[in-house]
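Notes follow once the structure below has been shown.
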Amino acid sequence: MSDVKDAVAAHAEDSLPGESDNKGQSIVLNSEAVHRFQEHQHSLSVKESIKESWKPIVWCAYMFLVCIMYGYDALAGSVVISIEEFRKDFGFRYGDDYVVGADWQLGFQAGFFAGNILGGIAVGPVVGRWGRKRTIALAYVINVAGVFLQFFATSPAHFLGSKLLTAFPLGAFATIAPTYASEMSPLAVRGAITGGMNLAIVLGNTIGYGVIRESTKYSGKASYRILFAVQWGFVGLCLTILPFMPESPYWYIARGREDDARKVLAKLHKPTYDIEGRIAEIKSSLQQEHETEQTQGTFGNCFNKQNWKRTSVTIMAFVIQNFSGMGWVVGYMSYFFQLAGMSAAKSFDMTIVISGVMVVGNLCSWFLVEYLGRRGTMLYGALTLFVALLVIAVLAVATTSQAALTVQIVIMGIWGFAYQGTLGAVAWPIASENATSSLRTPTQAICTIANALTASIWGMALPYAVNPDQGNLQGKIGFIYAALLLLCMVFAFFFVPETKGRTYSEIDQLWALGIPARKWSKHELVVVQTSGTDKELGDDI
């Protein structure tokens, strides 16, 4: 240890007076293997990174497929109320139309979110014991059973039970997919890949809207049952590919199975890949949390003295999504258009158009999360959505003319583009990068739970706020969302750090040093190499 201190002292003596304060530097200790691997990762361009790690990226794409299924499943059970035949079978006549009672809509939403929460709670310990691969296989099986019940439901109570069962594996998908992708993706494209999870969900939503549009060609129960039957196709495709999926090397190392981790890395890369450096970097991230080799952490560890701030940032990344109007725009888009006077067919067409705009916005997020960074994407995105919501709300108060309705629909399209390009996508890299390596799965599970809890608030409130026999707020609900979004922007400004271009080990070191979130992007970590394991000095220079 004295050699390390001498090295640190020598570095400090070589620095010019006051130079380190201006730059914002901290000395950290890394092993030679970790330093070598991190330097190589920082030196790679996006093209070089993809060429070196194309196989792991392909398996990240498999997680995209899982998220497409998540997006489709989540949408199918909520927007089905926009299908007239479903409202006729599960609702009651109201004027010249059929309406599903607000109480049952509330129950359907509660069932969905309860299933998500239970799935998020269960998946943490199961993944820690079974790994990502076997846990996701179990989730597929449960999903098949839930879809079966949805398809053959004959009463609101039956449909509620099927919603609960189907939502349980969705909580697992939302936890495992970003965790696995963040652990497998190389540094240069990590933000784009984890942010791409949201693109996959939006694609699933868009496919769902397309199926709903086509379902109008059918009569009777088939008009809505086909929406559920399509889900079996997703599961069949995912199960066919699953046996070939490699387990995460992070899970192997956390379980003390270092040789298995080496085999996975060797299978996924060329012989020239620095496997030992990668192993050392993973072990460094795990050791900095002082976790044993037999655990990946617990929910309690996420809120201990060392980690509660990090966990709060990851939670807010998903809470801000629900406070930005996502549940209203995405979940009630077709229904809102119909309440505003559009025909069912025209409302579905408009919904598909806006969903397409959202897909384009999410493609833009791949550039934004790397150009603006995670912090910048969140702040600028929140500001844009804040303005859009205010415009929609003011128009709803000022006039009910057809022209005003058209402008509101256009603003909804702008909102959808901006949301998917910013808040919708950036939550995934913020959550995966700010969680410690040893707590990534339970932290992501907590995010799933927090997302479901806050979404459930709106899921319970929106039927009463939007339904014509209840609040009938329509666009005026934008005032409420804008106020909540303003509070979220204040939190993000002071507490969300910039993690772009940082390895997981470097992120751990910056959190341990207590660097203010606003200063992360300009703070430099000066590495002193050691021959032993990685340790953190924690002294600013």
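A Cβ is built for glycine as well, from the same backbone N, Cα and C atoms used for every other residue.
Per TrEMBL, the features are:
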type: DOMAIN; residues: 59-500; note: domain 'Major facilitator superfamily (MFS) profile'
type: TRANSMEM; residues: 57-83; note: transmembrane segment
type: TRANSMEM; residues: 106-128; note: transmembrane segment
type: TRANSMEM; residues: 135-153; note: transmembrane segment
type: TRANSMEM; residues: 159-180; note: transmembrane segment
type: TRANSMEM; residues: 192-212; note: transmembrane segment
type: TRANSMEM; residues: 224-245; note: transmembrane segment
type: TRANSMEM; residues: 315-338; note: transmembrane segment
type: TRANSMEM; residues: 350-372; note: transmembrane segment
type: TRANSMEM; residues: 379-399; note: transmembrane segment
type: TRANSMEM; residues: 405-431; note: transmembrane segment
type: TRANSMEM; residues: 443-466; note: transmembrane segment
type: TRANSMEM; residues: 478-496; note: transmembrane segment
Winner by Cβ pairs under 8 Å against the transmembrane segment (350-372), considering only 135-153, 192-212, 315-338: 192-212
Beyond the flanks of the transmembrane segment (379-399) by at least 6 residues, Cβ under 8 Å: 320, 324-325, 372, 407-408, 411-412, 414-415, 418-419, 421-423, 426, 473-479, 481-482, 485-486, 488-489, 492-493, 496
Considering the transmembrane segment (106-128), which listed stretch of 57-83, 224-245, 405-431 counts the most C-beta pairs under 8 Å: 57-83
Contact call for the transmembrane segment (405-431) against the transmembrane segment (135-153), three or more Cβ pairs under 8 Å: no
Annotated stretches the transmembrane segment (159-180) and the transmembrane segment (478-496) touching (3 or more Cβ pairs under 8 Å): no
